[in-house]
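A.B. asks: Just lifted these from Swiss-Prot, have a look:
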type    : residues   : note
BINDING : M42, A191  : substrate binding site
BINDING : R118, S164 : ATP binding site
Amino acid sequence: MLNPTYLQQIRSQNPLIHNITNVVAANFSANGLLAIGASPLMSAAMEEMHEVPRLSQALVINIGTLMGKEVDAMVLAGKTANEVGIPVVLDPVGVGATTFRKQTVARLLKEVKFAAIRGNAGELATIAEVNWQAKGVDAGSGEADLAQIAHIVAKTYQCIAMISGATDYLSDGEHHAQIHNGTPLFPKITASGCLLSAVCGAFLAVAKPEQYFDAMLEACTAYAIAGELAAQGLKTTQHGQFYVGLLDQLAHLSPETINQYARISYE
């Protein structure tokens, strides 16, 4: 059983989460952070990257609609965040789709220390250099062991690795968990994974480094449960209602609800 504490800390501390994210996800991510009690700051201007991370409690880097001028800003923000000691989350959206994305993520992983890397199976398989047929920015398909992919990424980059999907896989290289909550409606709305990465940033913001695995586990479980509850009673075509309902459920989440619905297995 989880011992949910980080959600309440977010609501009491209202951490500022710096997001360098994509144009598709920015609004949804900002509203989702507000729903859980965090405060979003969306900035990708190179001129601000020495300052904004110093004002923030976490940084989330998302390469979803990557533009060349943003890469240097991402690196500088990441280095500044490392310097001041706040956690950095990487969402390597579509990293396997193009050479530019692969090169960008390789540079980020070389120059920035990440507390967590969160993506779908295809994205983390690319980072782990495991064969997988990714489909653009979507997960695609493959036969690899997802738990092993998460383990490889976690060990290689000394971080928390999280793979989102029908089952979520979490690893810090030593501890491993699978989250069995969620809904098939998640991939039916754009930026649901991007919002999860932002939520992970908020949970890490109120945790100490030695608590990052537990914070990520609570973040991903809480988010999956919010989606599960938002989908109750909806038809598979009611994407708009799910979109709004997810924000509502994130705002209504409580530690009691998380414990009531959590379905987690450990390895």
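Residue numbers in this text run from 1 along the chain shown.
Cβ atoms are placed via backbone N, Cα and C, with glycine included.
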A.B. asks: Please report how many Å separate the Cα atom of M42 (substrate binding site) from that of S164 (ATP binding site), as a whole number.
C.D. replies: 23
A.B. asks: Where A191 (substrate binding site) and S164 (ATP binding site) are concerned, what is their Cα separation in Å, rounded?
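C.D. replies: Computed Cα spacing between A191 (substrate binding site) and S164 (ATP binding site) is 13 Å.
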A.B. asks: Using the structure shown, find which entry in M42, R118, A191 (the binding-site residues) has the sparsest Cβ neighbourhood within 10 Å.
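C.D. replies: Comparing Cβ neighbours within 10 Å for the binding-site residues M42, R118, A191, M42 has the fewest.
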